[in-house]
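A.B. asks: I have a structure here, written as structure tokens, and I will follow up with some questions on it.
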């Protein structure tokens, strides 16, 4: 679960999910084309994240956050509650509470398998070495802040990342490979071995014992984004309240908006006639499948003209505007290079999927409050019906 950790449990995080047909106009919600339901009976052949075996074993998860149900299909729970997973359906799972025996949908990123490493606040699942450095060097972390993560080079192994400081390189991050013993134990140095990662962490919290620093506190992390509403892909325009215009261009405007009175989103409104509805929907269905932490997440669409494109909200706006701002103009060269590296990560993923952006520029890179850069508007250039744009594109061809 990565950053989903107990330091936020005191916040009592809450999420909400739209119940279909809640509009007074009884609108139609079209299911997410990327979602797939998977039930977990005793004969299941698959496992949700954190599971190690398939078969007759029940999959029991523990809540990392409070969740208060808004709709009758949801299941409320408190931090520490245990539930049995009945069905995995995208980012929302159907589960049964062991305490109340009630059943309903739960946000999958608010739970972790019982007794798994994901319940430890210092364990960051699926994070890369570079992202570990970004998070440990972020404001709020201190000397000795640390995390344990999956090894990128050795499957089934782990790495320890620790924030350090030296006069030459200033704030930096050191990485240590955690090796495994034949009997299942762990060690960084052969002179100190441990039966569990919890034991290893406890040892290096007492003293550095060869590390660059004694371990102090787990890396800070932001609360996970709540999953987008189940079965909310093609949504009614009435579910959106446009609140603040963020920008305008040749083909439309960008607004900060609220979806169903509880979720802040960004909405790109397209001028009527700027694209074919059929072509847009076909392209959007493909864009929806491109899921990467350096791509802006496409949440939903309104397919009646004017077309609306609903995405995650990025608080710092475009990279172009951010670099012109007071905060952006003060960013040091290493951070600017890191921005480029993040963009390259996203573009490499697009290339791996045999997709083409067609309009990569600073205005189409968005920046989060934690200075994460994400690529936006991938795929739109291909379906915009504009002679000037097409001619300009043709001029660049050899």
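The backbone N, Cα and C atoms fix where each Cβ goes, and this holds for glycine too.
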A.B. asks: Among 1-56, 57-112, where does TrEMBL put the label region 'Disordered'?
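C.D. replies: Per TrEMBL, the stretch marked region 'Disordered' is 1-56.
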A.B. asks: Please work out the number of neighbouring Cβ atoms within 10 Å of the Cβ of residue 268 (ATP binding site), leaving out its own Cβ.
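C.D. replies: 21, counting other Cβ atoms within 10 Å of residue 268 (ATP binding site).
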A.B. asks: Based on DSSP, name the secondary structure state of residue 268 (ATP binding site): helix, strand or coil.
C.D. replies: strand
